[in-house]
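Here's the structure, in structure tokens; my notes come after.
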Amino acid sequence: MNLSNAQRQIIEAPINSAVQVLASAGSGKTRVLTERVRHILDKTKKEGIIALTFTNKAAEEMSARLADFEQVEDRVWIATIHSVAQRILEKYGHTVGLPTELHIYDRDKDRMEVFIQSLREDGINIDEYLNITDSRELKSREKNLQSFMDIFSKIKRELLTDIEVAELYPNNNIWKIYQDYQSALLNSGGIDYDDILVYAHKILLTHDWIAKIYRSQYKHICVDEAQDLNKAQYEFIRVLCGDAIKSIIMVGDPNQMIYGFNGSSKDYLCTSFVDDFTPQCFELKENYRSTKAVIRAANKLRPGSQAEIDYALEGGVWISEFDTEEDEAAAIVAIVKNLLDLRVNDEIEGEISLKNMVVIGRNRFVFSKLESSLKDNSIPYSLRKGERQLEPSTRFGKILDYAIRVKLNSKDWVDGKKLCQILNIAEPKNWTTSVLQEMVTQMSSSVDEYSDVFAKLLFAVDGLDVESPKIPKLVKDFNCLLTSLVENHSSVADDKIEDVKLSIEELDEFNRTWTRFKRKGIGDSLVAFRNALALGQLSHDTLEDGLTLSTVHTMKGLEKDIVFLIGMCEGVFPDYRANTVKELDEERNNAFVAVTRAKRWLYITYPKQRIMPWGDKKFQRKSRFVMEIES
Ligand SMILES: Nc1ncnc2c1ncn2[C@@H]1O[C@H](COP(=O)(O)OP(=O)(O)OP(=O)(O)O)[C@@H](O)[C@H]1O
């Protein structure tokens with residue numbers, strides 16, 4: 001595939017200069033970035049490159065595209081911004097007072113537990129506050145607590161100082177509450193997800209010698225999807241460069257900024273980067289991905305954003321209205337079947353299969369009727385997950401998960417408490433390195449019918465060598481044990497045996513995740529494994545051959561020949577919570593991203609009425625975005 005002149009100019013821009021690329025959907029941003037990396041490798045001798053992506057999937061894709069280049073492994077560090085920051089913490093976290101074995105609290109509810117504990121320690125009777133029977137009032141109180149957590153995230157994502165916080169929230173003692181939460185996190189031996197960047201930024205800012213180590217090895221930085229940077233991410237990149245790294249390329253599309261809830265703003269790419277690095281600026285407008293019909297639709301949403309290439313195919317965009325969500329689902333299933341029967345078409349490369357299609361919705365709730373319809377028609381499908389790992393659902397799976405966390409960080413009372421609850425035993429008085437042994441001892445007097453298995457599991461996890469754990473052996477032993485329970489299950493109530501059967505599946509999944517971890521070569525230790533899980537580096541698509549159902553956010557950066565965009569009603573898309581001009585503008589970006597995932601054909605559908613979660617039937621208005629596309 002040839003590069004266009006515009007693409008080539010960017011790739012061949014002077015090596016030690018800053019480059020900004022503002023490019024529309026499908027214009028080859030990822031391609032340009034990959035080729036730029038290749039070009040730098042070619043033109044320089046031993047210099048290293050850091051290529052920063054937004055998701056692990058994008059990092060994998062870039063690695064795959066560069067796999068044929070011999071020196072890539074030694075010279076290019078392709079990773080998400082969080083993975084790079086985390087690696088810095090693993091090595092140098094001690095310089096800012098972090099524990100040597102980093103424990104990341106990756107679940108919202110665990111962070112909330114730590115916050116509640118910090119309030120307790122401040123003498124606030126938080127348990128009484130939450131111990132009420134009125135469920136509505138309880139919800140509102142939980143919401144109140146959540147609003148504090150949101151502020152903490154904002155402080156971290158925007159790197160706010162105490163003075164800025166006092167100005168923003170003059171009537172609350174937020175900074176003190178925040179500091180107490182931070183101390184509580186450290187007292188439990190961990191940090192939260194947002195902290196990864198905050199601490200890594202702090203390390204580079206306050207320890208120039210550490211920053212110099214990275215700057216001497218990596219002389220070039222490439223940033224993909226830069227329209228979605230937030231302040232902490234941008235400042236992290238800036239401090240990584242310092243005055244030494246001048247070779248930085250940022251590539252992004254302002255019309256695809258869809259992470260505003262994460263503090264993202266296109267201003268970091270469009271304004272701050274220009275002010276701080278005075279880059280050479282380029283634009284790419286030609287859409288190489290989509291057909292004329294799709295490009296026309298995209299241009300209705302963002303006028304003038306897309307240019308057709310001469311040889312673009314005509315393609316098609318079809319908009320259909322249905323009475324109900326069931327009718328909408330049935331129609332999509334019918335179209336899918338017709339397309340599969342069609343098998344080939346001049347506009348689609350190769351054979352038409354479920355692999356060429358995706359169903360996109362603004363949120364995952366719009367898929368429920370379609371999922372039933374697909375099941376009824378035996379059409380395999382899978383919901384594209386975010387990068388976070390699925391939580392285990394069985395008692396065995398949960399015990400394994402919590403026990404590993406406690407093994408790695410015995411101060412982790414959050415998971416320790418949950419472990420005790422599942423095992424139905426008393427909490428240890430002190431959270432020290434012997435907690436798992438104490439739990440094993442306690443299990444000897446447990447009346448739980450599986451106490452023996454759970455005690456063995458705790459014992460086995462406690463005995464793991466953290467540096468080089470023998471996970472396959474653990475899996476094999478417990479697979480045998482659980483299988484024998486299933487085979488001799490006559491004495492056990494049936495619902496419990498279902499849980500054991502599911503445990504075997506979860507254990508298999510755990511094993512596959514471990515294998516994925518080893519194969520990726522990100523480390524050998526149990527800590528590296530847990531942190532890779534927390535950073536979403538080990539997730540995978542569940543079903544490769546089925547029909548993919550995806551939210552807009554998880555479809556970012558990807559493309560399919562045939563796209564169904566469903567549930568296009570006001571309130572769903574744009575989301576009912578988007579009220580301000582800025583929020584509605586981001587909804588438009590979401591619609592633009594959804595439409596531009598289509599390479600050839602786009603089917604847009606909406607129902608005239610929907611059943612709300614509380615059971616009422618509600619009439620729907622066609623989305624404003626559909627009206628614009630039709631106009
Ligand atoms: N010069 C070119 N000639 C032909 N096809 C190209 C060219 N450049 C890119 N493409 C193709 O266009 C499609 C879009 O490219 P790519 O995924 O790099 O775009 P992008 O700008 O990152 O898209 P988005 O931001 O919408 O995710 C891909 O299928 C790619 O192979």
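Indices start at 1 and increase along the chain as displayed.
Cβ from N, Cα, C; glycine included.
Going by TrEMBL, these are the annotated features:
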- 2-291: domain 'UvrD-like helicase ATP-binding' (DOMAIN)
- A23, S24, A25, G26, S27, G28, K29, T30: ATP binding site (BINDING)
- 286-557: domain 'UvrD-like helicase C-terminal' (DOMAIN)
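What TrEMBL annotates, mapped onto the structure for a quick look.
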| residue | record | Cβ contacts under 8 Å, 6 or more apart |
| --- | --- | --- |
| A23 | ATP binding site | K29, V32, V251, G252, D253, F282, E283, L284, K285 |
| S24 | ATP binding site | D253, N255, L284, K285, N287, S305, Q306, A307 |
| A25 | ATP binding site | D253, N255, Q256, N287, R289, S290, A298, S305, Q306, F592, V593, T596 |
| G26 | ATP binding site | N287, Y288, R289, S290, Q306, E559, T596 |
| S27 | ATP binding site | D253, L284, K285, E286, N287, Y288 |
| G28 | ATP binding site | L3, S4, Q7, L284, Y288 |
| T30 | ATP binding site | A58, E61, M62, D224, G557 |
- Taking the centroid of the Cβ atoms of A23, S24, A25, G26, S27, G28, K29, T30 as the ATP site, which other residues of that chain lie with their Cβ within 8 Å of it, listed in sequence order? R31, V32, D253, L284, N287, Y288, R289
- Could you find out if DSSP has A23 (ATP binding site) as helix, strand or coil? strand
- Row K29 (ATP binding site), column other C-beta within 10 angstroms, all chains, value 24
- Note on the structure: What remains of the binding-site residues S24, G26, G28, K29 after requiring a CB under 6 angstroms from ligand 1 is G26, G28, K29
- Message: Under a three-state reading of DSSP, tell me whether K29 (ATP binding site) is helix, strand or coil.
- Response: helix
- Task: Please work out the mean pLDDT for the residues of the domain 'UvrD-like helicase C-terminal' (286-557).
- Result: 90
